[in-house]
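Q: Annotations for this protein, taken from TrEMBL, read as follows:
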REPEAT    91-125  repeat 'PPR'
REPEAT    223-257  repeat 'PPR'
REPEAT    324-358  repeat 'PPR'
REPEAT    394-424  repeat 'PPR'
REPEAT    425-459  repeat 'PPR'
REPEAT    495-525  repeat 'PPR'
REPEAT    526-560  repeat 'PPR'
REPEAT    561-596  repeat 'PPR'
DOMAIN    741-833  domain 'DYW'
Amino acid sequence: MIRLLTTRAPRPSNISAVHQKINSFLCSSLCGFSAQAANQTQQNPSSINRPSSHFDSHMYGALLQRCIQNDDPISAMGLHCKILKRGNCLDLFAANILLNVYVKAELLSEAEILFDEMPERNTISFVTLVQGYAQCLHFSEAVGLFTRLHREGHELNPFVFTSILKVLVSMECAELGWNLHACIYKLGHESNAFIGTALIDAYSVCGCVDFAREVFDGIRCKDMVTWTGMVACYAENHCFQEALEAFSQMRLLGFKPNNFTFAGVFKACIGLEALDIAKGVHGCVLKTRYEYDLYVGVALLELYTKRGDIGSVQQIFEEIPKTDVIPWSFMISRFAQSDQSEKAVNLFCRMRQSFVVPNQYVFASALQACATLGDLDLGKQMHSLVLKVCLDADVFVSNAIMDVYAKCGRIEDSLELFEKSSNRNDVSWNTMIVGYVNCGDAEKALSLFLEMLENRVQATEVTYSSVLRASAGLTALELGTQIHSLTFKTNYAENTAVHNALIDMYSKCGRIRDARLVFDMMNERDEVSWNTMISGYSMHGLGMEALKIFQMMQDRGHKPNTLTFVGVLSACSKSGLLDEGQAYFSSMLQEYGIEPCIEHYSCMVWLLGRSGQLHKALKLIEEIPFKPSVMVWRALLGACVIHKNVELGRISAQRILEMEPEDDATHVLLSNMYATARRWDNVTAIRQSMKKKGMKKEPGLSWIENQGRVHYFSAGDTSHPDIKVINGILEWLNVRTRRAGFVPDCNAVLLDVDTKEKGRLLWVHSERLALAFALFRTSSGNQIRIIKNLRICVDCHAAMKLISKIVQRDIIIRDMNRFHDFQDGICSCGDYW
């Protein structure tokens, strides 16, 4: 009677209670008749040999009724064989009993044969077979049989209507109950409690609460089942206050609530957050001894879970019967969804020890816990168990298995399962797309997205937010804007998660103004929205704008978290806001109760080091209450390279190499620092060490997107098809910049060659090749966006400023640390990077 959505368990229906009454009625009427025949037989045993087929029918009816009582369909079938041998001497009454035997035994084909061979049928015959069809989930056949019953002119009594209403609810066509309601009204059954309760349940499923209330008010003699149906209807349709009022009226009239009533009332209490009322209802449960009921127990678990009272939840779980899968499913799913994955896995193991067979929902939750833990071995064991119980074809389970392999770094195994699956839904596609995005293969994720659209699978907010992340990772602005346009054709254009992904995409593609426009247009913002906007401004070196967003966030009542301060401190470090950064770092623990983590310390080390306060940065590292990571020492090493502090840089590099001996970036930075100091012997030693270890310097690459294609360039690259045009443009830029007074900074070339060669090498840096390509391949006035995998050098930075003024183009370069927006001879970083 109460649909426990949280447990994903089958929903008990009001119609179940009605069907109990129907079966009770059938059995009582049939038993009375067969008892008479049995008594006659006992009084006159010789009458068994009478050739009266009428008496044989009575006798067989009594024996068949006993088969029903003993739940013995085999004996009933044997008896049916004897009856057929004797000329099929069953009357309508006995034939209906035999039909009921086959239906209860789920022998539907035998029931259909018997029904078709019956010389005469009545309403009971039709209702019995309708119930059989419903029991075996043959809903279309059940509806067809009801139509035939009506067409042949049989009586439409309460049992007919309750049975067909249950069928409509089961086949998710409860809205058709409106047509039946009209027929019920014409026949004068609208005040019948059986039919009324079934109608209330049908209208409840449709969400037609007002119609359900009209039916309820029209019932003359309401019983406990009717009241429970109305309470459940209100609770299921979020009319929580009305549910409690109905429960109160029910109690005042003297009706004693049952387990389904209590489950509905607890749902209403949870919806209203009326915990004091729930405690009172819990007391009533204890008095009526329903606390050990399965449905009441699960409702109590939900109640105390919402309250955060874990102790009470565990106590209730231990007290309620656990022979059914529902309480196990509830607890495992709650643990898995509340970041208590170890408890979920342990409870799953305990469930197996209790010999309770897991269903698809249990497996889905337990596998989710494995995915969160990244426990591949346990995930494999669960996968084997799923295969044993033949649940691998279930879409929820198969999706969960794919997620386990994806999150454990086995994306190829996920893809294999995905391709073999014949039962995919939107979650299946999303699992694979998210998996590829998380493992860094954005191109494969986007390819799957296109395939998903070709297969006419409806994309969701998870899909759009994931593919926008993929576009951001590739800095594919053109594709990102197309996906943005696509969201307007769906219902997700105003979705918060999609908006957050759009802000991130536009920020990482160099369009910070568009990111801010999306942010300003949002109707609702969550913590992710604010954090993403702050990080976007930080990435572009717009520290003051980031701090304004942070202040706005607090003014709007949003509490900053750990990630918020990472963005704020990063913005301060990239803009040289030393005093502000120190103040915010101090306020984290004092004002917000947030303990600084390694990311916060790394930002502060870079802020202090980049400002020239290298020894303060070192002192801060020494004060970190836990072991400093590679990230912190890299920040200090980077600052030492900029300020040419060789000794402190050497110490920083030593600390990094102690933790990661094969780190090539550290070797390169140390080599560059020695080269800047003209310590060529040290440079040679480091390069020989790298060669001996088989390490190679990461080549400098720049790339640019043009008309859906990405063009890559490396320093000194001559392989591009347009290299002649590129070289010509570079020569022209070289002449124009020199006329404008540009003097190359040859210190940026860390090679022991003459000055002329250094000047030549500077003009074939990868970002300049990409710029020259963009100048002749893109329309005049369009923004030029270049992505670079390394930090832009000093000379290229100075050259780009001047070139932006000469060619009157907006040039955006994203290096490994941040964005540089060159406009009319000025860079957005203020020459601080």
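Note: Cβ is positioned from N, Cα and C throughout, glycine not excepted.
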Q: Against which stretches of its own chain does the repeat 'PPR' (223-257) lie, if we need a Cβ under 8 Å and a gap of at least six residues from its ends?
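A: Residues 1-3, 14, 17-18, 193, 196-197, 200-201, 203-204, 207, 209, 212-213, 216, 263-265, 267-269, 271-272, 274, 277, 284, 288 contact the repeat 'PPR' (223-257) from elsewhere in the chain.
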Q: Calculate the per-residue pLDDT averaged over the repeat 'PPR' (561-596) and state the result as an integer.
A: 95
Q: By a Cβ-Cβ criterion of under 8 Å, what residues six or more beyond either terminus of the repeat 'PPR' (561-596) are in contact with it?
A: 527, 530-531, 534-535, 537-539, 541-544, 546-547, 550, 553, 603-604, 606-608, 610-611, 613, 817-818, 829-830, 832-833
Q: Could you put numbers on the helix, strand and coil content of the repeat 'PPR' (394-424), residue by residue per DSSP?
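A: Split into helix, strand and coil, the repeat 'PPR' (394-424) gives 23 helix, 0 strand, 8 coil.
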Q: In terms of Cβ proximity under 8 Å, which residues at least six beyond the ends of the repeat 'PPR' (495-525) contact it?
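A: Apart from its flanks, the repeat 'PPR' (495-525) reaches 461-462, 464-466, 468-469, 471-473, 475-477, 480, 484, 487, 532-533, 535-537, 539-540, 542, 556, 558, 783, 785, 812, 814, 819, 821.
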